[in-house]
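As written in TrEMBL, here are the features:
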BINDING   His178, His239, His311, His524  Fe cation binding site
Amino acid sequence: MTFEHPAGSYKKIFETCEELAEPLPTTVTGRIPSYLRGSLLRLGPGLFEVGDEPFYHLFDGQAFMHKFDFKNGQVTYFNKFIRTDAYVRAITEKRVVITEFGTFAYPDPCKNIFSRFFSYFKGVEVTDNCLVNVYPIGEDFYAVTETNYITKVNTDTLETLKKVDMCNYVNINGVTAHPHIEADGTVYNIGNCMGKGATLAYNIVKIPPTQKDKSDPIEKSKVVVQFPSAERFKPSYVHSFGMSENYFVFVETPVKINLLKFLSAWSIRGSNYMDCFESNEAQGTNFHIAKKSPGEYIDLKFKGAAIGMFHHINTYEDDGFLVVDLCAWKGFEFVYNYLWLANLRANWDEVKKAAMMAPQPEVRRYVIPLDVHKEEQGKNLVSLPYTTATATMHSDGMVWLEPEVLFSGPRQAFEFPQIDYKRHGGRNYTYAYALGLNHFIPDRICKLNVKTKETWVWQEPDSYPSEPLFVQNPDGVDEDDGILLTIVAAPGAQKPAYLLILNAKDLSEVARAEVDYSIPVTFHGINAPLGFRKN
């Protein structure tokens, strides 16, 4: 059943909030599982305008960190703005100072033409507005976006500790907010870079786990493998990548960053990051694979029809194949074109009308054969019995991939996917959990059995949840023995937000912790267990 939202209460999740001076108590109904410990940490935008200057895009609002603490069956809520340069300077100067994803920062009106001219030659100021995710590196936690800057935070007090420029350690222009983290704490990430001969490429970066001598693991970051770019000066936009036990998978979509536009953008016409994206309508989608250890690019050409893609669900090896499950958006148009705040704050009929024009979402499974022989032209190379995905060799040696559709609903996206990552990340698995987007408005929590395609849904009227995080029951046996954590905004309710705990088996409610505070939209986060270092 699809909910309608004619009252438009979803507009509230795109409104500025005040930070708290101290944690707030919550009202708990149901029982908090005893194994739920530590904190739920989440990030999203919290400041949607500075003075009378608005931010225009969903990814422009200033980074705001939320924390629910679990202790002896009780739950408290706390939050803080991250003291990035972008935030501190905006607050100090009461205007947008650093250009964000979709908002141009005009030059300081107090400066004369000469100082403006010189500051242009000093180059672009890249934003450090880390509003997308938070993850551990060694014993530290970092709030992140997709630029070269990551921000170390104290997860106890939510204080901002320091800004780190990844360019100081590895050849990278930026890193994604979706690293893969192994059981020992090793972090892998991807970003575009300058490759050989002034050509763009993509590097996979490896950051080791906690060091015995307590030195900063980031200082030992290194590039393990490089993927080529289809276009010399136009890297694809990359939001995440796939990793199995022995392979990396990089999906190169037709959404491009025009670097020449990007470099000239700041100088001449008040433009922003969004102005630098374009679609290569002829390219389709390239699937690249590489061995993990030692890192080695496998020079095979796998292609598929054009998709936009932000989130991989999981990647695993099976009998000489790589199974790649992801959240696709059909076609070559950039989905972020539909995430301007003016679109998301529109009345329901307008929201629906805009989404009718947008690319359509679909959960897809691609299967990549690892053993490819030229003589097998024209036949399907996929022999896994449980999938209809195909891989067909063409005469030029290119292998064309057709996906199996695991879930599809018109303008109903299964997005911000999560799995039991600890036990099944990079391995064969059965269940994926996600936030359901209804014409881009988040209004339900979904579960998908990727083997049978069975689905489960949690939804309540005028309730807007966030990405569900899976927490395993330590005594559980099944893959879905555990709970999902999600923050729900309920703007009409007496208490306008709550932390919701669902049983991962059937999405029935286990407990909720209501808080007297309006929590805006959040993107990603983690359940940080107890016992990590705080400094």
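In case you wondered, yes, glycine gets a Cβ from its N, Cα and C as well.
TrEMBL entries are annotated by machine, without manual review.
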Cβ within 8 Å of the mean position of the Cβ atoms of His178, His239, His311, His524: remaining residues of the chain near Fe cation: Val132, Asn133, Thr176, Ala177, Ser240, Phe310, His312, Phe416
Cβ contacts of His239 (Fe cation binding site) (under 8 Å, same chain, 6 or more positions away): Glu146, Thr176, Ala177, His178, Met309, Phe310, His311
Long-range Cβ environment of His524 (Fe cation binding site), under 8 Å and at least 6 residues apart: Arg42, Leu43, Val132, Asn133, Val134, Ala177, His178, Phe416, Glu467
